[in-house]
Amino acid sequence: MANYFNTLNLREQLDQLGRCRFMDREEFVSEADYLKGKKVVIVGCGAQGLNQGLNMRDSGLDVSYALRQAAIDEQRQSFKNAKDNGFEVGSYETLIPQADLVVNLTPDKQHTNVVETVMPLMKEGAALGYSHGFNVVEEGMQIRKDLTVVMVAPKCPGTEVREEYKRGFGVPTLIAVHPENDPKGEGWDIAKAWAAATGGHRAGCLESSFVAEVKSDLMGEQTILCGMLQAGSIVCYEKMIAEGIDPGYAGKLLQYGWETITEALKFGGITHMMDRLSNPAKIKAFELSEELKDLMRPLYNKHMDDIISGHFSSTMMADWANDDKNLLGWRAETGETAFENYPETDVEISEQEYFDNGILMVAMVRAGVELAFEAMTASGIIDESAYYESLHELPLIANTIARKRLYEMNVVISDTAEYGNYLFANVATPLLREKFMPSVGTDVIGKGLGETSNQVDNATLIAVNETIRNHPVEYIGEELRGYMTDMKRIAVGG
């Protein structure tokens, strides 16, 4: 199979990359009605599979789960997830032929095998759904021409999809129809109904494309969302320990600090996050973030280039074929890092202390968000997509670190995201360790500036504020956050 994106001409590539429109709520007045009375069969019952299925059932859809016969016979976790929640469970051969919509929610590396297995069983004119387009875009899966192919991609982990639905809301969601597979012209009706059934329409849906979703998703998760948090955690912890800061305090400052800092980011963007600092600390964080942007821009651009060209995907798929040797090795190495093994502590850290003593963390967040956004938009991805795949998802990923450090982050994200995270962090960590960290001290990570006055030069502060507030990610962020009027607050501080 050929990489689908690479079969397109330049005009088609740019058109697909630039697809992203925030949809009016009026476009969802019929909610999930288009799929009511039809049979939805989900393949896979992990976090996304189970939680999307629960939401769809609660929205009035007929949902069942098709699993491999071995998973049923051995009563694996996927079988238990579905059965314990009262769903019908059957083999592919039993359930797939009845399905009007087959939703493939298995891990990326299983997609080719799953689709090749279920496609011959699907009835003529049925629909096939994805929540990530890697199989279509990067692997170039050829799907029967009578089948409609759609995507509904919630912009958060599966557990959050369920929790937001239960509180009467939802999570922002990208939806798309594969242009090669919409024979009856009903793709958008199916995608909108599926998105509404998960609750996504209440938080806002973006009309996107398979290409835009995949390329922006890969870039965000490799760099700012996962790779930067991993590299930052490792080098900041090392620095604090080397400077004599208590290991328990250093670890807790990082583990819960990312979550606390990005909580401010979620509600008011980079501007509000930086405003949580004192004037001297804000100027210092700004200066550090500018240095970081200069240092790390080539690395961010390389990841974007490798994603656009397909080099990243081919490299990762080669590791799939080698039994995930690199992935598993990098996972083990991460588990051995000092940050992952810092001693538990009962030390109290106030919310503001995370900002005051984590100035470098704030700088890393600003630099990482802006670099990822800039790399994406320079490659033809439009601002809305770039925002959701950088700034918007960052608090959700930071929350996983707060739960169980880097281990939890790498468990919750997909194998594709985990592989890309390691590729980035394995270069970013020594880069920061050698070229940046020697020049910083505990005044910006661990102890704070200890200033007795908030006084700064007015002209300098005005210039810093203008630069922060006039970045394009702040403009689109303010617009998109306006659509999300009921965002859930998360606990901060551990």
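Backbone N, Cα and C atoms are what each Cβ position is placed from, and that goes for glycine too.
Keep in mind that this is a model prediction, so the values were computed, not measured.
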Inquiry  = Record says Glu389, Glu393 bind Mg(2+) 2. Source is Swiss-Prot. Which of Asp217, Asp246, Asp275 does it list for that same site?
reply    = Asp217
Ask   = According to Swiss-Prot, Cys45, Gly46, Ala47, Gln48, Arg68, Arg76, Ser78, Asp108, Lys109, Gln110 bind NADP(+); which of Gly140, Gly158, Gly168 is also listed for that site?
value = Gly158
Residues in the domain 'KARI C-terminal knotted 2' (345-487) grouped by DSSP into helix, strand and remaining coil = 101 helix, 0 strand, 42 coil
Inquiry  = Give me the CA-CA distance between Ser414 (substrate binding site) and Glu393 (Mg(2+) 2 binding site), in Å, as a whole number.
reply    = 14
Ask   = Over all shown protein chains, what is the count of other CB atoms within 10 A of the CB belonging to Glu221 (Mg(2+) 1 binding site)?
value = 25
Request  = Check Glu221 (Mg(2+) 1 binding site) against DSSP and tell me helix, strand or coil, would you?
outcome  = helix
Pairwise Cα distance maximum in Å, NADP(+)-binding residues per record: Cys45, Gly46, Ala47, Gln48, Arg68, Arg76, Ser78, Asp108, Lys109, Gln110, Gly158 = 21
Remark   = Checked against DSSP, the composition of the domain 'KARI C-terminal knotted 1' (209-344) is 117 helix, 0 strand, 19 coil
Inquiry  = Which one is it, among the binding-site residues Asp217, Glu389, Glu393, that lies nearest to Gly158 (NADP(+) binding site) by Cα separation?
reply    = Glu393
Request  = Would you list the other residues of this chain near Mg(2+) 2 - those whose C-beta lies within 8 angstroms of the C-beta centroid of Asp217, Glu389, Glu393 - in sequence order?
outcome  = Lys155, Ser216, Met219, Gly220, Glu221, Leu225, Tyr388, Ser390, His392
